[in-house]
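Q: Let me begin by handing over the structure; questions about it come next.
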Amino acid sequence: MAIRLHSHTAELRRMLREQRDQGETIGFVATMGGLHAGHQSLIEASRGDGNFTVVSVFVNPAQFGPNEDFDSYPRDHDSDFELAVEAGGDLIWYPEVEDLYPEEAQTMVQPGPLGQRLCGLSRPQFFPGICTVVLKLFNLIQPHQAYFGAKDFQQLAIIQRMAADFYLDVDVVGCPIVREDDGLAMSSRNLKLEPEDRDLALTLYRTITRAQTAFAEGERDAAKLREALVAEWPEGLELDYLDFRDPEFLEDCAHLTEDTRIFLGAWLNGVRLIDNARLTP
Ligand SMILES: Nc1ncnc2c1ncn2[C@@H]1O[C@H](COP(=O)(O)OP(=O)(O)OP(=O)(O)O)[C@@H](O)[C@H]1O
Ligand SMILES: CC(C)(CO)[C@@H](O)C(=O)[O-]
Ligand code: BAL
């Protein structure tokens, strides 16, 4: 029987101590809710590794800017519970803001250069907010393994960096992007897309496949390929970035190689969309 726990941090820690004492390894999947098959793939990966699997559902205020969609972010605790349990979650935890940010809390984690590019440019509070909440969650849950999706590739790289920099005793595991049949990367925010915007949203995936085709046909000049892709960018979809970066430091690549990734960020009528892929799929 899966456990559903709201708030009650002390009880969470007690239950997890009990699991550890019984010899269980703890797997952790951090989410902001609005669960879909992408989240479920992370839970399944944790279960597949034989872990007692904890799923947190928390819309983290610290990672939202003042004009972003914190208030309208999808929230449905019952559906999240069902989907998490269906995928094999053992303990679904819904912390309150006061559990993670009590009045006296002050300390924030500041990522380095990795956090200041791509999404970090237009959302300066984003990665400090993410690192801060993830470190708090890691310390409360003390997972052996924590699973993050490659859809948020920059987030995954930053959390892996943080875990190494702070000697955290957790294995941060990256999991592949789960897509809809038409290629759209699954995302909680897709729920907020107007039906007529769906085709425009697919531009990100289409751009990825165009870049992959151009690379397969021999294109190696990043600036030239970028210019060609941006020239085809449709009106109505606000481009934040379309960059070619190396997978480790996320630095700009002038010359494209097999390891180069394409990264895209955009807004569609206020809905944030991101995607990325290796140039050789
Ligand atoms: N399509 C996906 N495939 C694989 N992992 C995913 C996918 N979507 C989200 N995840 C992962 O699930 C975890 C929780 O993400 P989150 O709750 O923010 O969902 P989201 O769908 O990314 O939401 P948002 O719409 O805010 O981007 C993160 O590690 C994220 O990378
Ligand atoms: C990792 C995370 C749960 C931190 O709030 C969030 O950024 C997300 O859902 O990707
Ligand atoms: N998955 C990233 C959460 C956010 O955009 O706030």
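Cβ coordinates come from backbone N, Cα and C, glycine included.
Since we're looking at a predicted model, the values are computed, not measured.
So TrEMBL has the following annotated:
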- 32-39, 149-152, VAL178, 186-189: ATP binding site (BINDING)
- HIS39: active site, proton donor (ACT_SITE)
- GLN63: beta-alanine binding site (BINDING)
- GLN63, GLN155: (R)-pantoate binding site (BINDING)
Q: Which recorded positions from the set MET32, LEU35, GLY38, HIS39, ALA150, VAL178 have a C-beta atom lying less than 6 Å away from ligand 2?
A: MET32
Q: Any idea what the Cα distance is from GLN63 (beta-alanine binding site) over to VAL178 (ATP binding site), rounded to a whole Å?
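A: So the alpha carbons of GLN63 (beta-alanine binding site) and VAL178 (ATP binding site) sit roughly 23 Å from each other.
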Q: Including all protein chains shown, what's the count of other C-beta atoms within 10 A of the C-beta of HIS39 (active site, proton donor)?
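A: The answer is 27.
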Q: Near the Cβ of VAL178 (ATP binding site), how many other Cβ atoms are there if near means within 10 Å?
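A: Cβ-Cβ neighbours of VAL178 (ATP binding site) within 10 Å number 18.
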Q: Tell me which of the binding-site residues MET32, LEU35, ALA150 sits in the most Cβ-dense spot, judged by other Cβ atoms within 10 Å.
A: LEU35
Q: I'd like to verify something. Among the binding-site residues LEU35, GLN63, VAL178, which ones have a C-beta closer than 6 angstroms to some atom of ligand 1?
A: VAL178
Q: Using a 10 Å radius around its CB, how many other CB atoms surround GLY38 (ATP binding site)?
A: 22
Q: Less than 6 Å between Cβ and the nearest atom of ligand 3 is the rule; apply it to the recorded positions GLY38, HIS39, GLN63, ALA150, VAL178.
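A: The recorded positions passing the 6 Å Cβ test are GLN63.
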Q: Between GLN155 ((R)-pantoate binding site) and MET32 (ATP binding site), what is the CA-CA distance rounded to a whole number of Å?
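A: With distance taken Cα to Cα, MET32 (ATP binding site) is 14 Å from GLN155 ((R)-pantoate binding site).
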Q: Write down the Cα-Cα distance for SER188 (ATP binding site) and HIS39 (active site, proton donor), rounded and given in Å.
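A: Checking the Cα atoms of HIS39 (active site, proton donor) and SER188 (ATP binding site) gives a distance of 9 Å.
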Q: Which ones in the same chain are close to SER188 (ATP binding site), with CB under 8 Å and 6+ residues apart in sequence?
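A: Residues satisfying the criterion: MET32, GLY33, GLY34, LEU35, HIS36, TYR73, PRO74.
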Q: Please classify the secondary structure at LEU35 (ATP binding site) using three-state DSSP.
A: coil
